[in-house]
Amino acid sequence: APANSVWS
């Protein structure tokens, strides 16, 4: 899994 995730 990625270390960060972006939510908009």
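Backbone N, Cα and C atoms are what each Cβ position is placed from, and that goes for glycine too.
Annotation comment: Swiss-Prot describes P2 as 4-hydroxyproline. In the three-state DSSP scheme, P2 (4-hydroxyproline) falls into the coil class.
On its own chain, V6 (D-4-hydroxyvaline) has no residue at least 6 apart in sequence with a Cβ closer than 8 Å to its own Cβ. Residues or ranges marked as D-4-hydroxyvaline by Swiss-Prot: V6.
If you look up Swiss-Prot, you'll see V6 marked as D-valine, on the strength of experimental evidence.
The number of other Cβ atoms within 10 Å of the Cβ belonging to P2 (4-hydroxyproline), over all protein chains shown, comes to 5.
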